[in-house]
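Novice: Feature list, courtesy of TrEMBL:
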- 1-23: region 'Disordered' (REGION)
- 11-23: compositional bias 'Basic and acidic residues' (COMPBIAS)
- K204: N6-(pyridoxal phosphate)lysine (MOD_RES)
Amino acid sequence: MTGSDPSQFEVRPHPNPRSEAERGAILANPGFGRDFTDHMVTIRYTEGKGWHSAEVGPFGPLSLSPATAVLHYAQEIFEGMKAYHRADGRIGLFRAEENAARFQRSAERMAMPQLPTELFLGSLRALIDIDRAWVPEGEDTSLYLRPFMFASEEFLGVRPAMEFTYCVIASPAGAYFKSGPKPVSLWVSHEYTRAAPGGTGAAKCGGNYATSLRPQAEALEHGCEQVVFLDAVHRRYVDELGGMNMFFVYEKDKTVVTPPLGTILAGITRDAIFTLARDAGYEVVERLYDIDEWRADAESGDLTEAFACGTAAVITPVGVVRDKDHEFSAGTGEAGPLTKRIRQNLLDIQHGKVADPYGWTSVVD
Ligand SMILES: *Cc1c(COP(=O)(O)O)cnc(C)c1O
């Protein structure tokens with residue numbers, strides 16, 4: 001990986017890091033997003049001065065004025081990626097430059113300054129460098145990295161802030177599915193949408209997640225694990241889940257269908273699946289996909305598999321799909337053969353277990 005020299009970050013080691021035993025207990029059963037490593041990165045931005053004060057310091061609370069702009073107007077963006085313990089013993093990243101580029105696109109949409117790619121990559125390296133003992137070694141485990149940026153100016157006026165804070169925190173992540181991928185059930189939200197044309201659907205911003213929580217709660221009330229959103233204009237074309245992109249597999253003509261970019265988030269997993277599906281002999285078709293088409297093709301058996309994808313859960317088969325009038329499930333309702341094959345292929349590349357012909361992986365040390 002090319003990245004800025006971590007030495008340009010001032011390093012303030014944690015005076016009192018967790019003991020090896022404490023860390024070992026966490027790494028033995030990491031869960032997701034619950035425990036954090038001993039350190040964090042912060043970089044400041046000030047209008048007129050640019051990016052400055054890059055440091056790696058102890059993980060701990062931020063001190064903010066109650067008038068901090070983000071608390072009122074939600075000028076905030078984030079990324080989600082993983083560091084992997086590779087088969088060769090080194091620590092690897094997957095397409096980190098893509099996360100850097102997406103972070104810049106999200107910043108653009110939210111009237112925030114763009115963090116240069118080198119600084120973004122350097123911040124990951126600096127944190128992994130000091131907290132490398134926190135990268136778990138188990139099957140399908142990883143260190144989840146969460147870069148984020150928010151308006152840290154103390155000001156209540158409505159305009160883009162003039163001060164921002166960028167941070168990276170990291171959390172060891174266990175295998176999302178303990179015994180292989182388990183199908184997720186979906187609730188079709190007819191009442192709520194996540195993004196309209198011209199809105200912020202393509203930006204990875206906290207606000208998109210805030211508005212997904214009520215529909216997500218509705219999914220749970222109806223016995224479903226996740227919500228699937230339809231487009232905001234016609235209220236019939238599949239957008240995506242709260243934080244995962246959707247794919248539909250038609251074995252009879254060897255095609256894989258996925259909704260086009262626009263109001264959805266451009267997933268890096270989604271993009272990798274394009275390549276892996278093509279290499280598996282499937283044609284990838286980006287087109288509008290009607291919820292009625294999904295149901296009809298699931299019922300007729302033409303639709304053989306459906307799956308969702310994203311960094312956190314990698315690839316998740318979709319089981320039951322429900323709304324107030326209907327319930328159906330694609331294929332057998334279990335992980336289908338292409339779902340399993342692409343998932344394994346991706347995990348093996350990410351963990352450096354097989355050759356990476358696509359140049360997607362990089363090593364940190
Ligand atoms: C992050 C995210 C995804 C998945 O993107 P990946 O790059 O594959 O992790 C999908 N949808 C939304 C809304 C997201 O925020």
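The backbone N, Cα and C atoms fix where each Cβ goes, and this holds for glycine too.
No curator has checked TrEMBL annotations; they are predicted automatically.
Give me the local environment of each listed feature.
Specialist: Helix, strand and coil residue tallies for the compositional bias 'Basic and acidic residues' (11-23), in that order: 4 helix, 1 strand, 8 coil [DSSP].
Cβ neighbour count for K204 (N6-(pyridoxal phosphate)lysine) (all protein chains, 10 Å cutoff from its Cβ): 25.
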